[in-house]
Amino acid sequence: MFTWKTMLLQDSASPLMEQLTFFHDHTLLILIIITVLVGQLMLTLFTNKYIHRYLLEGQTIEIIWTVLPAITLIFIAVPSLRLIYILDEINSPMITIKSIGHQWYWSYEYSDFKNIEFDSYMIPIDEMKPWNFRLLDVDNRITVPYESQIRMIITAADVIHSWTIPSLGVKIDATPGRLNQTSFIINRAGLFFGQCSEICGANHSFMPIVIESITPNFFIKWISKMTEI
Amino acid sequence: MSFAAAALKLEDLKTAPFDPRFPNTNQTRYCYQSYVDYYRCQKIRGKDYAPCEYFKKVFHSVCPNAWVEKWDAQREEGTFPGNI
């Protein structure tokens, strides 16, 4: 269902997404100022009766309307560049999680300690519990500790997929034969949802991604339990 | 297996560190190079040389398991393209 909250960015759950949200708002503010200014100029052109029959050039105004947009662009470009380099940074990750896109599900591997492998399929509508989100919940969630640096290694087994969690500010292509890396820190506990973001075939819409963020101590317990199975 | 025997601690969580040879998003080479380095290290220093195990940890953390299995099979058949 379309609601006011689905119009805008999701609430951020990572420091990176906070920065991305700030940048989005900052850029949108500049866009609104330009739109209002140009709109007002166009409107007055239509409604007034001024004429200037011998106008050929006006050096002063031309310099102003060339330099001002250039300065405006700098105000967008500098924070944008800053962000793009921050997004690339991986400091010292605590765990590495591998995510492999398949037609049409994601599989995950935790291989830092013991080897944990599982597939993550969407829960079909006829098997849904009342508390599940339709087309968004999966049978096996990715469990990660919060306030820890997580490195994701993304690849695919067949066609290109794209691994995304909007509230963490993460989106990266899963390309067969190539390992892409991204990293994030989650601020709090909770469930975070995402969907495959690269058209990958018939069931592209039915391979969601769910992250379950828990305390590092419970994560250790989860890992120990998973390695026992 | 009892829980006590399997008990991990928070300090045990260690993974492949940032490697300045591979500062980009593309980490394919980090995985491959660590795999080759491990078996080359074993070939030169012998199977029991402990420092080689570092590479093993790294490629297990970074490489998809399917890749490792494929390369293991290739090494057994003698068709692995890398210089080990």
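Note: Cβ is positioned from N, Cα and C throughout, glycine not excepted.
Automatic, uncurated: that is what TrEMBL annotation is.
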Record TrEMBL, residue B:C41, disulfide partner from B:C52, B:C63: B:C52
Hey, which of our disulfide-bonded residues B:C31, B:C41, B:C52 end up with a Cβ under 8 Å from chain A? B:C31
Between B:C52 (disulfide bond) and B:C63 (disulfide bond), how far is it from one CA atom to the other, in Å? 17
Can you tell me the CA-to-CA distance separating B:C63 (disulfide bond) and B:C41 (disulfide bond), as a whole number of Å? 18
Given B:C31 (disulfide bond) and B:C41 (disulfide bond), what distance in Å do their CA atoms have, once rounded to a whole number? 15
For B:C41 (disulfide bond), which residues in the same chain are close in space, meaning a Cβ under 8 Å from its Cβ, but six or more apart along the sequence? B:Y49, B:P51, B:C52, B:F55
Judged by other C-beta atoms within 10 Å of its C-beta, the most isolated of the disulfide-bonded residues B:C31, B:C52, B:C63 is B:C52
